[in-house]
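Just below is one structure, and these are the notes that go with it.
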Amino acid sequence: MAAVVFIAFLYLGVASGVPVLDSSLDAEWQDWKIKYNKSYSLKEEKLKRVVWEEKLKMIKLHNRENSLGKNGFTMKMNEFGDQTDEEFRKMMIEISVWTHREGKSIMKREAGSILPKFVDWRKKGYVTPVRRQGDCDACWAFAVTGAIEAQAIWQTGKLTPLSVQNLVDCSKPQGNNGCLGGDTYNAFQYVLHNGGLESEATYPYEGKDGPCRYNPKNSKAEITGFVSLPQSEDILMAAVATIGPITAGIDASHESFKNYKGGIYHEPNCSSDTVTHGVLVVGYGFKGIETDGNHYWLIKNSWGKRWGIRGYMKLAKDKNNHCGIASYAHYPTI
């Protein structure tokens, strides 16, 4: 009850134009602003400070509970600490899994097949460095380029960063909305029918919408099709083990996801029916001894290296398709 009253007073202060601030957090607030290069007008700073303080208290409470074994992951204050819920939602896409469409074919796992217990495609050199999408909602494009980059190695023998901006600018005829969001399915359709995709070197990321400037002479990767996986973690596991990194959609609309630091992420309110964010599944494994409850998917995000485990997350695996990890998964064929 005390926490509810405290938060109520915070918002009452905002409504009256006089935010109630905790002076003991002044130094921490200043350090955070410097670290993430934040600057505000005087009025805006007070409003953002209230949001930041609320997030900080929530994070500290969660981490105290983690130390008591009440949850399996930790959180930290990051660049999103001053974001309101409305601002955070603008970073999210929203795709109902019932719109899941088939690509070239459907993959099936062979009965009795034995898969490795640990997979990490980063260690094999199939994953480019973590990047930061910024204010452009291009998660879907980062996920798709990551999957194509990995598959292209089988042809070229080298890892070439591909152009996210090429997808942002040019896949609108397929139904994407550039920096306002997109769909990995539509992005694969663009690459397939366009006949190729440029590299990051010739078509660098700008983090904003622009005119399509694709030059076929600079194409570095082509695909022959793409595969949509059934909504099965078992089949997703087989694909990650035998094919390579796989694009996936997940429900990332929660404060716990936004502020994730480390450990195996499990959010009780996560949906498996609606996905809001595109990621790349680059592996899987388990923590400690192999027992129920400690298996994870290793996913690559596009929020920079300061988020999560240097840009990655361990998401709970074999927990009823947690956060929809297997609901909207695809991979390209080369």
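Glycine is treated like the rest: Cβ placed from N, Cα and C.
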Cysteine of Cys136, Cys270, Cys323 paired with Cys179 via disulfide, per Swiss-Prot: Cys136
Cysteine paired with Cys170, where Swiss-Prot records a disulfide bond, from Cys139, Cys212: Cys212
Selected residue, Swiss-Prot feature N-linked glycosylation site, from candidates Asn37, Asn269: Asn269
Cys323: disulphide-linked cysteine among Cys139, Cys270 [source: Swiss-Prot]: Cys270
Recorded positions: Asn269, Asn301 - member with fewest neighbouring CB atoms within 10 Å: Asn269
Three-class DSSP secondary structure - His277 (active site): strand
Set of same-chain residues at least 6 away whose C-beta sits under 8 angstroms from Cys270 (disulfide bond): Ile250, Asp251, His254, His322, Cys323, Gly324
Coarse DSSP state, helix versus strand versus coil, of Cys179 (disulfide bond): helix
Sparsest-packed among the recorded positions, when each Cβ's other Cβ atoms within 10 Å are tallied, from Cys136, Cys139, Cys179, Cys212, Cys323: Cys212
His277 (active site): tally of other CB atoms within 10 A of its CB: 27
Cys139, Cys170, Cys179, Cys212, Asn301 filtered to the recorded positions whose C-alpha is within 10 Å of His277 (active site): Cys139, Asn301
